[in-house]
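Under the heading active site, TrEMBL lists 331, 758. For 295, 301, 302, 331, 522, the entry in TrEMBL reads UDP-alpha-D-glucose binding site. Taken from TrEMBL, the feature Mn(2+) binding site covers 523, 547. If you look up TrEMBL, you'll see 1-14, 64-86 marked as compositional bias 'Polar residues'. What TrEMBL lists as compositional bias 'Basic and acidic residues' is 90-102. As annotated by TrEMBL, region 'Disordered' applies to 1-39, 59-120, 649-674. As annotated by TrEMBL, transmembrane segment applies to 207-225, 231-251, 828-851, 863-884, 961-980, 986-1007, 1019-1039.
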């Protein structure tokens, strides 16, 4: 039995502050002390069970006496024994309480025996020895510690035992000077730890990568040295494509060499930040605040009900209410969205306390009431069924109100506009005019419920009220909550929220100002406006951004992210990226919408380098990093492969960047950067909020190894309520002119100039030396929707690929990265910009089997044993790599195969179009515009997957259709030629047919999508297929006509 060791000569009130000692318990039970090393990563290398942060002390139980009871022993020998003991005690005192009596051993005291032992103490020792036999287990003869603790009123603690002050085992100062207060000082614990991939999986995986790399190297050499003399053109195209595929595979595979997993300790987070302590006597939350951003732009494509459910899941999240703020950015300035958010804020007054009272998961009402299963599982409160029934009825009424808002707004606006027309006609008659309502023209305005004009977009566009021309709008719908909990009270007409905190987080509606002549920079501009407005209103040190259709599925997700930010070394983390999980996808995942290979494979592997890339939603940012500053500590990776690690230069030593590189250089933390209007604008309140956000985002300085920390209890000050000047300043910073001649979008905030502003923003942070973390929770953190329609999916992939092409041709190319980015991280970003160009070689390679069948030749001279062995080894290693990757990433083989199929479908359609669009933008300056992906459901409400069967024609379908038709025709031509030839060449036919079926197998989901449902294939698909088939047939007959055709001699075509 272990206990905490303290100085026995001092009581708990005067003892020195506890220090943290790292010790390791070996398998033999020995305690090995560890020297403190600032660079020791306790959270990554060691588990909490191996390393214990306290020293060990054995209490003097009857079977473990620290002093000998032999009467012949000399006092000096006894004192020497005690002083040399592994568990030191005070030789002057041995404390024991036996039925309320306190006796002490005093060496050399009066009344003692000749050997220096007090007679009472000697008598006590005899009592111990006599009672010890009674405490032995009858079966084993071992000492029964549990019975002895029970009889002496001992109490178990954390690796220790404690006896009460009175009527127990000890004296008035406690056992060995230890009191119960000492046991309350729990050891320092890390909030996160790394979980390494088992070596039995990772080592073979790395070995296979090396083997396949070597085999590819020798195979390509063999291919170059053995050309096909009969078809040099076919051989040349195939070799060039294979060289590019090998290069692309290396770029994709190298960053996967070091995948890791991570785990968090939510209990340690709660104990450290939300439990009573000397610095936090009231037990208030010492966690930093979080501002949650939700973005929407079009209520037609992004239904307000979906957005409202996302907002409700945020307001009900398990996080300190006073530390949470929610903002919604409506870039369309729609009155429908505004009133839907007002309805959501009203419904939250019932929904949020209901979730807290009964521990509801998920806290999206629509998802919760749609979950199949027993809703009473693990619910123990007797009023749960009644409460759920009441909330369900209220939610149904809430949905009806949301669905009826468009009609209600239209009818209200028509009534107000009719009244204005009558008023204008009356004024015209009074002014001496003639005519009725026909001669009066009144602008068709949109009216709010309070009878005023809506300052945003109107249904009938008008000056100052169109999508690109409207005023800025900021409405605080839920005010700043009180610092202390506010409990509800029983009400017969409502739910009983007694002892339930009914406070709601702050919630604000924001629509930035838009005017003609300004570049508003799409979503990136809207996010930067939210950054500035939130800095004025709440200034949360951390920012979570979500799409309007991505709701919080795990109410503890924010706490999981805070574990990484508040752990040792967390001050170097710029963002925590959560995986994207989707609902409403067909069971077969025909178009790889789940994208698990990327989210569970690639992103997990990047977490072992410098961190995952930012993917646009479900990301917890450090506000200070978004402002463009350097991390507090960073390393430079020198050398060709970044193998020389050097300590990064400090901020003060950074020299001004050249004029052409100013956008890519980080800011410094000096006062010049904060007050310079050319950087952050002319808002003094915004500039003053920056150092505050930086300080509040620091981890607790509760351990010597924590660098750049803050003292405990620094964030317990309540937030001040908002006043009119503060809100007016927030409206100012969302104006369209505020960013003029500043560095917003260049070095600060979300970066402008790319369709994929998310990837560029994350790249800039990594380029400054920041790190990111990938947080995979046991229960999905967030869930959203994804397009299951083929056309929508292709347009989504087109947008991503176009952004990658833009990155490749910009200064954000990883080839221009700084030395603060790791080599393999740079390879990963290079692959982000290069992968769309693979489509050029992929399309050529998909036509090669058909060209081989048409021409009667193959990419090699003959199918000899060398070629087949190389092909076999490459295929087998690829399959084994896929199996091992499935093993360490946790994805399924079917998901891996679906990803491979859509890689070819997207590569031959959307990626090629992205390359063309990117080149047009770079060469001709033609801007690229994209429409929002619709998040509305299909018209067929009886089928949840009705959108899957809807076929919408798009020009992106032309290349895949052409590839399928050409290969099908080529297979027929190849069989016909071989069957009717004098010397059949079956080997070349089999080679061409094998690769043709490889192409067609990958195209199967695309072909199935074109078929629609129940034969609803669009006519244009048949037309294009027929035209392509006829064109190919006629073209081939003209190039290689039959030998007995007229006008043919010697294989040449004679034209008359």
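Keep in mind that glycine also has a Cβ here, set from the backbone N, Cα and C atoms.
Features as recorded by TrEMBL, highlighted on the structure.
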{"residue": "295", "record": "UDP-alpha-D-glucose binding site", "Cβ neighbours (10 Å)": "22"}
{"residue": "301", "record": "UDP-alpha-D-glucose binding site", "Cβ neighbours (10 Å)": "14"}
{"residue": "302", "record": "UDP-alpha-D-glucose binding site", "Cβ neighbours (10 Å)": "23"}
{"residue": "331", "record": "active site", "Cβ neighbours (10 Å)": "22"}
{"residue": "522", "record": "UDP-alpha-D-glucose binding site", "Cβ neighbours (10 Å)": "17"}
{"residue": "523", "record": "Mn(2+) binding site", "Cβ neighbours (10 Å)": "20"}
{"residue": "547", "record": "Mn(2+) binding site", "Cβ neighbours (10 Å)": "24"}
{"residue": "758", "record": "active site", "Cβ neighbours (10 Å)": "24"}
Compute all pairwise C-alpha distances among 295, 301, 302, 331, 522, the residues listed as binding UDP-alpha-D-glucose, and give the largest one in whole angstrom. 16
The transmembrane segment (863-884) and the transmembrane segment (961-980): do they have three or more Cβ pairs under 8 Å, with pairs 6 or more apart in sequence? no
At a Cβ cut-off of 8 Å, and with pairs 6 or more apart in sequence only, do we get at least 3 pairs between the transmembrane segment (207-225) and the transmembrane segment (986-1007), yes or no? no
Same-chain residues at least 6 beyond the ends of the transmembrane segment (986-1007) whose Cβ lies under 8 Å from its Cβ atoms: 590-591, 790, 846, 848-850, 852-853, 856-860, 862-863, 898, 900-902, 904-905, 957, 960, 963-964, 967-968, 970-971, 974-975, 978
Looking only at residues six or more beyond either end of the transmembrane segment (863-884), which have a C-beta under 8 A from one in the stretch? 201, 204-205, 208-209, 211-212, 215-216, 218-219, 222, 893, 896, 987-988, 990-991
Residue 522 (UDP-alpha-D-glucose binding site): which of the recorded positions 331, 547, 758 have a C-alpha within 10 angstroms of it? 331
So of all those recorded positions, 301, 302, 331, 523, which one's Cα sits nearest to residue 758 (active site)? 523
How many Å lie between the Cα of residue 523 (Mn(2+) binding site) and the Cα of residue 295 (UDP-alpha-D-glucose binding site)? 8
Out of the recorded positions listed (295, 301, 331), which are within 10 Å of residue 547 (Mn(2+) binding site), Cα to Cα? 295
Express the distance between the Cα positions of residue 302 (UDP-alpha-D-glucose binding site) and residue 331 (active site) as a whole number of Å. 12
Roughly how many Å separate the Cα of residue 301 (UDP-alpha-D-glucose binding site) from that of residue 331 (active site), to the nearest whole number? 13
Would you mind reading off the Cα separation of residue 331 (active site) from residue 295 (UDP-alpha-D-glucose binding site), to the nearest angstrom? 8
